[in-house]
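Visitor: Could you have a look at this structure, given as structure tokens, before my questions?
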Amino acid sequence: MLEQVCQLARNAGDAIMQVYDGAKPMEYARKQDDSPVTAADIAAHTVILEGLRTLTPDIPVLSEEDPPAWEVRQHWQRYWLVDPLDGTKEFIKRNGEFTVNIALIEQGKPVLGVVYAPVLKVMYYAAEGKAWKEECGVRKQIQVRDARPPLVVISRSHTDDELTEYLQQLGEHQTTSIGSSLKFCLVAEGQAQLYPRFGPTSVWDTAAGHAIAVAAGAHVHDWQGKTLDYTPRESFLNPGFRVTIY
């Protein structure tokens, strides 16, 4: 099933690129929570939703662009969790740092994850405790790697006082910034050692990257030390968290 989901992510990426390259209008707007949405978000959502319903008709889908009501999903034990275009701000800025995120959740845990960056033509994916990176048709297994001083990856679009204070207290380190779920993937492939997050995220922002990071040997915990949990709850918001190899 993993390969079929990877192909779905590629197809969604193709739909996004039609808008990104100007073949279709962007039609940029704002949602109720003031987050941006484009025609590319909707196009990718449609591709993934139709594909997953064909691939696994018995597994429900929670997508950022059409989340079912709480009453519908409150008893879900197994479901797909999708962000058709993670990093819409990066898409609008045209810096290429946006991704397609698809995760399979079982009993609150992300057991399969796919993150595809269509501009960069890089795919990360994980299942059954193993993680891979595919680039230019070449696939390699990835795992975390220690480095001193550690490289800390932070959000390109979201900074806050809590993060600034945390970094000041961290000790010797280097920082880099990148958009979307690629932060999880940098830790997973050994390029970075820590991704701290204080600002708001939603479950669809993190689940696929979470699966990949954990399969590569990282830990994804909230600031109380608990593993991020995707058991259905009324709010889609995550607590603050960190992705770390330590």
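Each residue, glycine too, has its Cβ placed from N, Cα and C.
In case it's useful when we look at the structure, here is the feature table from Swiss-Prot:
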- Glu64, Leu85, Asp86, Gly87, Thr88, Asp205: substrate binding site (BINDING)
- Glu64, Asp83, Leu85: Mg(2+) 1 binding site (BINDING)
- Asp83, Asp86, Asp205: Mg(2+) 2 binding site (BINDING)
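A description of the local structural setting of each listed feature is requested, covering burial, neighbours and distances.
Guide: Listed in sequence order, the residues of the same chain lying 6 or more apart from Asp86 (substrate binding site) and placing their CB within less than 8 Å of its CB are Phe98, Thr99, Val100, Asn101, Val115, Ser180, Ser181, Trp204, Asp205.
Leu85 (substrate binding site) is surrounded by 30 other CB atoms, counting those within 10 A of its CB over all protein chains shown.
In the three-state DSSP scheme, Asp205 (substrate binding site) is classed as helix.
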Visitor: Taking the Cβ of Asp205 (substrate binding site) as the centre, how many other Cβ atoms fall within a 10 Å radius?
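Guide: A 10 Å sphere around the Cβ of Asp205 (substrate binding site) contains 24 other Cβ atoms.
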Visitor: Going by a 10 angstroms cut-off between Cβ atoms, which of the binding-site residues Asp83, Thr88 has the sparsest surroundings?
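Guide: Relative to the other binding-site residues in Asp83, Thr88, Thr88 has the fewest Cβ atoms within 10 Å.
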Visitor: From the centroid of the CB atoms of Asp83, Asp86, Asp205, the recorded Mg(2+) 2 site, which same-chain residues not already listed sit within 8 A by their CB, in sequence order?
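Guide: Close Cβ neighbours, site residues excluded: Glu64, Leu85, Gly87, Thr99, Asn101, Ser180, Ser181, Thr201, Ser202, Trp204, Thr206, Ala208.
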Visitor: Using all protein chains in view, find how many other C-beta atoms are within 10 Å of the C-beta of Glu64 (substrate binding site).
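Guide: Other Cβ atoms within 10 Å of Glu64 (substrate binding site): 23.
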Visitor: Rounded to a whole angstrom, what is the largest C-alpha distance between any two of the residues Glu64, Leu85, Asp86, Gly87, Thr88, Asp205 that the record assigns to substrate?
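Guide: Of all Cα pairs among the recorded substrate binders, the widest measures 12 Å.
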